[in-house]
Structures are given as C-alpha cells and as structure tokens.
C-alpha cells in the first residue's frame, strides 16, 4: 500500500473513533462509526488476496448491519424523547437495540462469528488494529449510556462470550484465531461489570489493550502465525519466544501476572453487589481460556518438534527490528500485579 494512502486511512480511522469518543450527539456518533468502518476496510485488504478480501467483506457486512440497527434505535429514541442527546435514553426498546448494535460491533456472543474469521484472514498488523483500536468506540458509547443498559441482557451475553471464547480456542493451532477468541472472552468480562462499575471496565480495557498489543508485536517480530512456527522460533530468538509464552499466560489470567488483575477486581466487585453465582460461573469458564494457553505453552516450551535441520540459525526467517516500545509493553502486561493496591487511590 502507498504510504501516503496508508497515512490518510490511518488519520480517518483515528478521526472516526475520536468523533465517537467526544460526541454527545447521536448523529455525530453514527457518522464517526461510518468514517471508521469505511477507512479500515482498505487497511484490512492491505495484503491483496482472496482471503483478505473475504475477511474485509465479512467485516463490512457485519458492521453495516450493526450501524443500521444503531440508526434504527437512534430514530426510535428520537421519536420518544425528541432529543439527540446520548445520555437521554428513555425508551427500553431503543436501549436494547443500541446494546445489540454495539455488542455486534464488539464481537460479543452471539454475534461473535465474524471475529475469528476476519482476524484469521488479515495480516498481524491489521489484526492488532481490529482487536484493540476498533474496540474503543463501541465501549466508550456503552460507558456513556451504562445507566440505561439492560443488566440481565448484558450478563447473558457476557457469560456466552466467556464460554465461547474458551471453547472456541480449544482446538485452534492458528495464533490469530486464538487471539480472536481471547478477545471475545475479554469483552465478556468487560461487559459483565459495565452496569455495576464502568470505571472497572475501563481499567480492564486498558490492560487488555496492553497485553494484546504486546502479544501481536512479539508475533510480528518473529513472523509467527501458528503454533508450529512458534515452536520453531526457539533457534532464532529464545528470549523473545519466552516472552511470548509469558504474555500468553498473562492473557489467560494466570496469577501473579497482570492479566489476573481485572478478573480479580471484577469478581470482587460482583461479590460486593451480592452476585455470587455469576462470578462463580465466570471463574469456572475462565479456566477454559487458561487451559488452552497452558496447553499452548506446554507444547511450545516443553516439547520439541522433530526436525531434520541441525543448524541453530533460523536462516529462513526474516530479520526484524525490536521496537523501542516492546520492552515496556511486555513489562506492563506481565509484571504489574504488585501495583494493584495503588488502584485504591483512584477510588
């Protein structure tokens, strides 16, 4: 892709998300979503091949459907309230439709089917944008209208997302699909706490973005897309491969790594609100995620694939530069659990 075109598209993507973040008018919010969607489709098709075209088409159809439902909900809300203000949500039908539209954009269950397919069909860099930056706008809108949301609907979608995010990743060997199912599960955790403590959802989002960005940068450094190619990177960069495995365990929520912090705090907050059964089920379902991360770590770190090449230098891999931000990102996404008591200063 031409660098100038990529800069223009990136600026449009950021502008669309920024409009959603700062807008208090429903039409401007919808316009920001459309700007963002139309600009990211060429980015998804950056590697011009049938797979990326199919992924971009699936993404477009899903997002266009969600935008249509969102506009319908906005019109219904306008008919009942007579206002375009985001915080003025008086109609339960409009609130439910907006929730469905935004969860479809996020890729929560039962609207999750597009996430693994689209992520697998695009490049690692496009997948990083898809699973991090593209979550900001819908979640910011949910954050603004959390008082009007249907708690029971969100809880049902949250449990489904955590369950499908765990089950879906069990038989996967493609790392991009594993990251996609991980994203579905993490979104489920964020939505579960949205109506109780939206600030905790924001903290969960920040930690999720840090961990996912670290993981994708490490995979980009090694040009790794499958478990087989991951196991073959020991010859090239054993330290980086170790960091990949630690980051995977952090994504799974294994203590004492950073990924355990949001799960711990969400379970604590739900318990404070006299909800015992829900966090219990969520904790059990989270073990599915942790299981396939542990299995991936075991198969990569503790077993050796048969090879006919005794050469220790992996000459077939491209050499890539270590990004300056990689080290602090990895440290933040794995080692910040001891700093958790400092979060009490924010409350």
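Quick reminder: no glycine exception, Cβ is built from N, Cα and C everywhere.
The transmembrane segment feature in Swiss-Prot is assigned to 3-23 (among others); the stated evidence is sequence analysis.
Taken from Swiss-Prot, the feature transmembrane segment applies to 25-45 (among others), supported by sequence analysis.
Here Swiss-Prot flags 59-79 (among others) as transmembrane segment.
Among the features that Swiss-Prot reports, transmembrane segment is placed at 96-116 (among others), with the record citing sequence analysis. Beyond the transmembrane segment (96-116), the same-chain residues lying 6 or more positions past its ends with a Cβ under 8 Å from any Cβ of the stretch are 33, 58-59, 62-63, 65-67, 69-70, 72-74, 76-77, 89, 134-135, 137-139, 141-142, 145, 149-150, 153-154, 157-158, 160-161, 163-165, 168, 177, 180-181, 183-184, 187-188, 191.
Beyond the transmembrane segment (127-147), the same-chain residues lying 6 or more positions past its ends with a Cβ under 8 Å from any Cβ of the stretch are 13, 16-17, 20-21, 29, 32-33, 36, 40, 43-44, 59, 86-87, 89, 95, 98-99, 102-103, 105-106, 118-119, 176, 179-180, 183, 187, 190-191, 194-195, 198, 201-202, 205, 208-209, 212-213, 216-217, 220. Look at Swiss-Prot and you will find 127-147 (among others) tagged as transmembrane segment, backed by sequence analysis.
Per Swiss-Prot, transmembrane segment is recorded for 149-169 (among others), and the stated evidence type is sequence analysis. Remote same-chain partners of the transmembrane segment (149-169), defined as residues 6 or more beyond its termini with a Cβ less than 8 Å from a stretch Cβ, comprise 92, 95-96, 99, 103, 108-110, 112, 116, 142, 177-178, 181-189, 191-192, 194-195, 278, 281-282, 285-289, 291-292.
For the transmembrane segment (178-198), same-chain residues at least 6 beyond its ends with a Cβ under 8 Å from one of its own Cβ atoms are 103, 106-109, 112, 115-116, 118-120, 127, 131, 135, 139, 142-143, 146-147, 149, 151, 154-155, 157-162, 164-166, 168-169, 172, 204-205, 208, 212, 215-216, 251, 262-263, 266, 269-270, 273, 278, 282, 286, 289, 292, 296. If you look up Swiss-Prot, you'll see 178-198 (among others) marked as transmembrane segment, on the strength of sequence analysis.
If you look up Swiss-Prot, you'll see 201-221 (among others) marked as transmembrane segment, on the strength of sequence analysis.
Taken from Swiss-Prot, the feature transmembrane segment covers 239-259 (among others), and the record attributes it to sequence analysis.
Taken from Swiss-Prot, the feature transmembrane segment applies to 274-294 (among others).
Annotation source Swiss-Prot lists transmembrane segment at 322-342 (among others), citing sequence analysis.
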